[in-house]
Amino acid sequence: MIGVDMKLETLVNNGPAVIFLCRAETGWPVETVTANIVRFGYSPKDFISGGLGYADIIYPADLEIAVSQFFSYVEKDYIGKDLDYKVEYREYKGEAGEHKRNGKGNIGKDRGGYDSFTQQYRLLNKSGDVLWVEAEIKVLEEEEGKAGLFQVTVFDISRWKHTEKAMPAALDTENELKRIINSGHVIVFLWRAEPGWPVDFVSENISELGYTPEDFTSGRIVYTDIIHPDDLDNVRAEVSKNTEEGRDYFSKEYRVLAKSGEVRYVDERTLIRRNEKGEITCYQGILLDITQRKEAEELILSQNRVLERIASGASLDEVLLLLVNYAEEMKPGLLCTVMLLDREQKRLFYGACPSLPKLYSKAINGIQVQVNSETAGTAAGTGKRVIVGNIMKDPFCEECREIAQKVGLKACWAEPIFSSGGEVLGVFTIYLRETRKPREEELEFIRTNAYLAGIAIEHVQAADALKESENRFRTIFDNINDQLYIREPDGISYMDVNQVVVDRLGYSKEEILNMKAEEIIPSEYWASVRENMQKIKAEGSRIFEAGAVCKGGTVIPLEVSARIIDYGGKKTIFSVSRDITERKKAEVAQRLNGSRLEALVKLDQMAGASLKEITDFAREEAVRLTGSKLGYLAFMDAYESTLVMHSWSDSAMEECSIEDKQFVYPVKSMGLWGEAVRQRKPIITNDYPAPNPLKKGYPKNHVHLIRHLNIPVFDGKRIVAVAGVGNKEENYDESDVRQLTLLMQGMWQLIQRKQLEEALRTYSGELSRANEELRSVNMMKTEFVEEMMFPEKAEYGEIMDYETLYAIDSQQQKAVNTFIHYSEKLRRLVDSLLYQSLEKAGKIDYSFEETQLKDVLSDAFLNNVFLIGEKALEVKKEVSASLSEIKGDREKLTALFTALIDHAIKFTPQGGKLALEVKEEAGNVHIVIADSGKGISKELIPYLFDRLYQVNDSITRRYQGLESGLYICKNIVDAHKGEIWFESEEGLGNLMHVKLPK
């Protein structure tokens, strides 16, 4: 039996008929072929490998008729949606016969018992020669709804065909074939292998692209002229590659341009013809228009992309613009738009119109929804498709005709966009720059895009509504000033928190939700929170205090109001936690204020204490009130160049083990702690160990500083002391600055008061001694006069002469002058103490009114007339009679200039000169009082207007300067918003300047 089979196989493989077993798929791929295929120049491998299908060797001019007859036979769309030829049975039924399909599309005996048929057509051998064959086709297998495998038995009838056919018959056959080719959908080309691929032959159905065969065969157009510019390089590369690899056949897809400029997709299948030398003679191929398939693929792709953007939550504007852009890419030359319906206004507004001329879109935007209101308005109003092939003639376009003409719009097609419930959402509109109506596939294109736009609009609107609702809730949730926490009653972590929690704690929301609740709640509150959670579950609500730990470790005190709520279908505890940091600070501040007031009261009551007791008390209270571990106090010299360390706090002295402690610190060489003097303001350093270019380092065994605060203590504008504290557990802040400043200013005022009282006692004692001395001299004079009046009581030689009496008078005058000097000093001290007391009590009042300054100056000179006369001073005044009035307190101004003139007289020698000059300047009156005294050292000038100033560096020595009243003078000028300054050079006299606003 095996031998018989082998003989049979040998007979078949060597017989005259070549047998193919083909699959009913695109290109008719070959499952097997007999070995005698070598008759046609091929090998079985050429087909079985998939390199060639049976359809590839059919002569191009015969391919369509062979396909159509096959379709007619199997009575089914064999190619279906898989075959690139896109030629279906319905297109050929007129030629192939009016066969009807049965219900399942079966073949065979349902066709009347015939299970095979015969065709005659031409094949191409491998060298490109044409062979006439007779092919018997028999279906061997079937699948449900389509053919499976079929057998093709091919006989070479070329010789018989040539013998049988006479020339006329051959001509008739050729004409018939041409007719079939020219009337089919497959365009046949014959190209020369030259640059540009000139065309030797093209079928007449090239007219489907708008061209004539003569356009190509005449040489006016070469084939590369119609290939889309973006695809030309790829096509050239593909042809070159297949040519170099020695292939005889290849296929490719690309775009070509119709004569109108319209883009078409084609599938080209090409045979490469070579001569005996292997040189390429020509390219023979067919073009199949696959535009419809490509557009369907692109439409599906664009729909998927639009749907992806919808699903990703893109905005409606973005989705509609994407949809319109894809539509315009698929159909170049069409201007696509989407208009959205505003139900309240009953108008259409553009959602996307990227290519529509702005002049037209601006005019149509907001068009009313009604019949005869432009194409889109009519479509929305009627809910039906509106096709306008010629805008210039259609009644629907009367309102927009003129503008459309200006921008070159000639046709318009509008499709209503519906929701799933059938409501009109808008209109998908296409504008053209040519007058025509849409083709069938374009109508489907419009409908599909309108449907997709409806999905997008409805989805986005629904998503927007949901998002808006969620946003309203989230906005309220996140913008409540309190911290909001949601957790399950027995949950160990939080289900949700608001943005305030995120902002205040410094964690991301994800971090907070992944943390245990007790990682956020400080440990000191754990027991209290657990207890309150149990009470909330039992009672439903609870108010209690707790805290939250920030990412940086800071604890925020909270007042928690918690209750049971339903959240997302779950029973949860909703906690409204109010930050009570400010309240806690206020409580602390209140306690501090109480402590500060207590400290200031105690300080005020220490008038009888020693300087050491006062400074020690102030320093230790500064440490206590700021919560510090250490403190110090240093006094400044008169020139603000050197600090003298007065004392350290007890705690600092316990920690410090420096053997040779430094007490005198030049400001220039001081480190970071000297910035309070250099910058003349409080300096807070909450990270003292951090590198700082201003730090000079501290000695071995010095107290280690972590945090530091120091302040300058002012007397007027002059720094008189520096106080500092350090190593507070928390950061220093402005509250600490305020505590330290108030305490140290109180200390300094007490020191001043003690020094003034001491000066008062000293001057009082000196005045008493001067008074006793004066009384003693008076007694001596009385006794002497009595002896002169009663000479009998003494011998002549014992009587004193008048020279002795004159000496007694001189001594008496000296005592009187001394008494007057100390009396005047005492008066000024008392006046100054009184002014300081009134200033401290806030009882110095000013009464501002229009005042004649020349009258004030006249009164001031009158008050000093006796002093001027005693010194026989020459006075010169330059005051304009038309001097402007100023707004001031006449009494205070009189006191001001009386004191300044008194000061000038004091520094002017006997018989010297005193000058007054008053001049008006822009917005001010400038008064200058000059004397011819010896002048004052420049080093003392900056301190003349201080309440006190040092004459040496000892804090215990007396201060001078208040007696002069210049401090009071400056306060009066400041109250009038004026300026006062002093100019002097030793030996050249003094100039006192005052500027007062008009």
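Glycine too: its Cβ is placed from the backbone N, Cα and C atoms.
Straight from Swiss-Prot, the features:
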BINDING   Cys656  heme binding site
DOMAIN    40-77  domain 'PAS 1'
DOMAIN    117-169  domain 'PAC 1'
DOMAIN    209-246  domain 'PAS 2'
DOMAIN    250-302  domain 'PAC 2'
DOMAIN    314-458  domain 'GAF 1'
DOMAIN    469-540  domain 'PAS 3'
DOMAIN    609-752  domain 'GAF 2'
DOMAIN    783-998  domain 'Histidine kinase'
(request) Average the per-residue pLDDT over the domain 'GAF 2' (609-752) and send me the rounded value. (result) 83
(message) Summarise the domain 'PAS 2' (209-246) as counts of helix, strand and coil residues per DSSP.
(response) 25 helix, 1 strand, 12 coil
(message) Give me the DSSP three-state residue breakdown of the domain 'PAS 1' (40-77), ordered helix, strand, coil.
(response) 25 helix, 2 strand, 11 coil
(request) Using DSSP, break the domain 'PAS 3' (469-540) down into helix, strand and coil residues and give each count. (result) 45 helix, 11 strand, 16 coil
